[in-house]
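Pulled from TrEMBL, these are the features on record:
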- 1-20: region 'Disordered' (REGION)
- 31-52: transmembrane segment (TRANSMEM)
- 64-85: transmembrane segment (TRANSMEM)
- 97-118: transmembrane segment (TRANSMEM)
- 154-174: transmembrane segment (TRANSMEM)
- 180-201: transmembrane segment (TRANSMEM)
- 256-278: transmembrane segment (TRANSMEM)
- 298-317: transmembrane segment (TRANSMEM)
- 354-372: transmembrane segment (TRANSMEM)
- 378-397: transmembrane segment (TRANSMEM)
- 409-431: transmembrane segment (TRANSMEM)
- 437-456: transmembrane segment (TRANSMEM)
């Protein structure tokens, strides 16, 4: 069949005759602690820290309160990640929010999440990051003027195609790319931090005098400032998408989170301090790209290094987004919520290549059409809607099923704080500044009902789709996989 019903046992699998018997085809457990830290930090540190500071400052009104927002965003990301770490040790399957919603709340809400995430959220996020990469990568070729849109879109499309090839060939190659680019972007941030410390040592502290003067107090403005800050922290949950590919997930998952997120939070705070040491708040607000302005002021003729660093940073971030995003598609298909072909892996490379190719295709469509901008602006709204649902699932398990085995437990107050924050982040902008785009997003989520009942609930599978699946399987050299839930 082209789509499978919900599984309680292992799905169908292809087998290879060996001298020891039969070996099931499954994704390899090749992601260790260093690669896990790189996946989290490398995905979190994208274009956000180089672009968002001016918007956080704009919505908060002064430097001191904007720094508080950055610290609060880091704390919220840490609390969310620790809550997810416990979920990851109870439900030891890849898929992140999707698999947790499926196992706790059932098939229908999980399908709506998968439908929204696979078709819209993940490809849109990937397209946005790749467009950021393209803008910085080709900016040096068009000095003194804005880059043409055709060149930006072609470069972004090339970036997606390169990432597709890397991730389809080998998991180890993809994680090696993550490790290299994470090291490069950490080095770039350290240059900015050290530059800022030198400026502070020279007495450039004017931006921090009367730091809280003119603070914005509106709930909507604070909510939007959080959205801007949290966009820079997005990726804190990425490791939960690849749980089955982790070495010793019960140890690696919480340990990697506890290393990566505090590291990124400290770097973000120090980088913001450096920006404010080099620029006055009014200069920062008028800057189109904060990091580039900082480079012009501090590095002089070496300012091109910052543009290069941002391009490297966004490429590394897009690789992390692609690596984990393809897994959501793959896991949803394996559970019968997406076409069967997307649940298969390449017979030699052992990568979920059909799911990766589908994510790539959706991202390319969004880049070409360019009509996804308004949806990407509400990415945080959708993300925190599902984060809130997932965290409420953890609270349910803690209260109703405390006997479930788990190697890591988070104090119940932490997921409660995250749930309250999620409710605030979803409702505050709607109450303060209602916008029609949010209604469109909600309608899109519930449009999944049209596909759920005939294809998943009643398992209506047109015969021609079965033939298409078989032909694609032969063309792509893929076979069904089995779960490896440890």
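Even glycines carry a Cβ here, placed using N, Cα and C.
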Contact call for the transmembrane segment (64-85) against the transmembrane segment (180-201), three or more Cβ pairs under 8 Å: no
Tertiary contacts of the transmembrane segment (378-397) (same chain, 6+ residues out, Cβ under 8 Å): 80, 83-84, 86-87, 90, 97, 100-101, 104-105, 109, 113, 116-117, 120-121, 124-125, 128, 227, 230-231, 234, 237, 404, 412, 415-416, 418-419, 421-423, 425-426, 429, 437-438, 441, 445
Distant-in-sequence neighbours of the transmembrane segment (354-372), which means Cβ under 8 A and at least six residues beyond its ends: 118-119, 122-124, 126-128, 130-131, 149, 153, 156-157, 160-161, 163-164, 167-168, 322, 325-327, 329-330, 333, 341-344, 472, 476, 478
Ranked first among 31-52, 97-118, 256-278, 437-456 for CB pairs under 8 angstroms with the transmembrane segment (298-317): 31-52
Distal contacts, the transmembrane segment (256-278) - CB-CB under 8 A, six or more residues away: 33, 36-37, 39-41, 44-45, 49, 53, 63, 66-67, 70-71, 74-75, 77-78, 81-82, 84-85, 186, 189-190, 192-193, 195-197, 199-200, 204-205, 207-208, 232-233, 236, 239, 284, 290-291, 294, 297-298
Beyond the flanks of the transmembrane segment (97-118) by 6 or more, those residues with Cβ under 8 Å of it: 6, 87, 91, 237, 240, 328-329, 331-332, 335, 337-338, 358-359, 362, 382, 386-387, 389-390, 393-394, 396-397, 444-446, 448-449, 451-452, 456-457
